[in-house]
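This report concerns only the one structure given below.
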């Protein structure tokens, strides 16, 4: 029985940046540092930051006056930003720059009075933050998750209409939704390039290749990680059994019955240490060989805020 590791896999530039912001803030200012929502959706990462002194909260009313707060990689609404400013909280923004790019698209649409349609998953923090960039009461922003949702849209005119997407969606599903939107609203405008981020795209492409050569695909990632769920769904859609796991403790040995090659990948918020712990555990269950699938190389780096960057250089 062999393991085939997907490439690329694991941390993306936005996740690296978000974790660095929390770690540098703790190093410079000391504990506690408050973080609004899990800075990235991974239990192992969050528990590690908690151990260093990060305090994770869901709302700003849980943050004491004069405290430091970090916004998670998923971004926040304008309302949350304004509340932090009103209270005089010191803020470090760990919003992924690619999410910020979508925020700017929504804010521009709001300012121009253009109706906006966001393709995304209801209730996901990124979607909540993105929807919260739109405040034009005379137009509106609407959320769709599927092709079926388009028929329910309360939008009759295609004039002054635009769309954007959550950054961690299924490429295939999103393509279908965009096609259906353009069919119903031929004049609808959208971004020149898909809003789905490079890391999501690359990891989904790697899983396509992985599934072709595996009888089981294990995706290392937490249950609340959107991009990790999409990887598991993609492998299943290709006819290969797939399991989303937080780590080796989640593996059921019965999954390996009749399997010759186990494909392993990791969501963009899952650290490589978890992948390696899964590999080592599988070796105790009969794996004898480990190889890497060829894939694209990622060199993207996002800088941390200037105040933290200056300290980092020193």
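Just so you know, glycine gets a Cβ as well, placed from its N, Cα and C.
What Swiss-Prot records for this protein:
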ACT_SITE  126  active site, proton donor
BINDING   12, 96, 197  [4Fe-4S] cluster binding site
BINDING   41, 74, 124, 225, 226, 227, 269  dimethylallyl diphosphate binding site
BINDING   41, 74, 124, 167, 225, 226, 227, 269  (2E)-4-hydroxy-3-methylbut-2-enyl diphosphate binding site
BINDING   41, 74, 124, 225, 226, 227, 269  isopentenyl diphosphate binding site
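For the binding-site residues 12, 41, 74, 167, 197, a Cα-Cα cutoff of 10 angstroms around residue 126 (active site, proton donor) retains 74, 167. The maximum pairwise C-alpha distance among 41, 74, 124, 225, 226, 227, 269, the residues recorded as binding dimethylallyl diphosphate, is 15 Å. The binding-site residues close to residue 96 ([4Fe-4S] cluster binding site), defined as a CA atom within 10 A of its CA, are 74 out of 74, 124, 226, 227. Among the binding-site residues 124, 167, 225, 226, the ones whose Cα sits within 10 Å of the Cα of residue 197 ([4Fe-4S] cluster binding site) are 167, in sequence order. With respect to Cβ neighbours within 10 Å, the binding-site residues 12, 269 differ, and 12 shows the lowest count. Sequence-distant contacts of residue 227 (dimethylallyl diphosphate binding site), defined by Cβ-Cβ distance under 8 angstroms and a gap of at least six in the same chain, are 168, 199, 200, 203, 221, 267, 268, 269. In this structure, the CA atom of residue 41 (dimethylallyl diphosphate binding site) is 13 Å away from the CA atom of residue 12 ([4Fe-4S] cluster binding site).
Spacing of residue 167 ((2E)-4-hydroxy-3-methylbut-2-enyl diphosphate binding site) relative to residue 226 (dimethylallyl diphosphate binding site) is 10 Å (Cα to Cα, whole number).
Using a 10 angstroms CA-CA radius around residue 12 ([4Fe-4S] cluster binding site), none of the binding-site residues in 74, 124, 225, 226 qualify. Surrounding the centroid of the Cβ atoms of 41, 74, 124, 167, 225, 226, 227, 269, where the record places (2E)-4-hydroxy-3-methylbut-2-enyl diphosphate, the chain contributes additional residues within 8 Å, namely 40, 125, 126, 168, 224, 228, 267, 268. DSSP assigns residue 41 (dimethylallyl diphosphate binding site) to coil in the three-state reduction, outside any helix or strand. Cβ atoms within 8 Å of the centroid of the Cβ atoms of 12, 96, 197 (the [4Fe-4S] cluster site) belong to the same-chain residues 13, 14, 15, 73, 97, 98, 99, 167, 168, 198, 199, 200, 268, site residues excluded. Counting other Cβ atoms within 10 Å of each Cβ, the binding-site residues 41, 74, 124 show the lowest value at 124. Around residue 226 (dimethylallyl diphosphate binding site), the same-chain residues six or more apart in sequence whose CB sits under 8 Å from its CB are 41, 121, 124, 126, 166, 168, 169, listed in sequence order.
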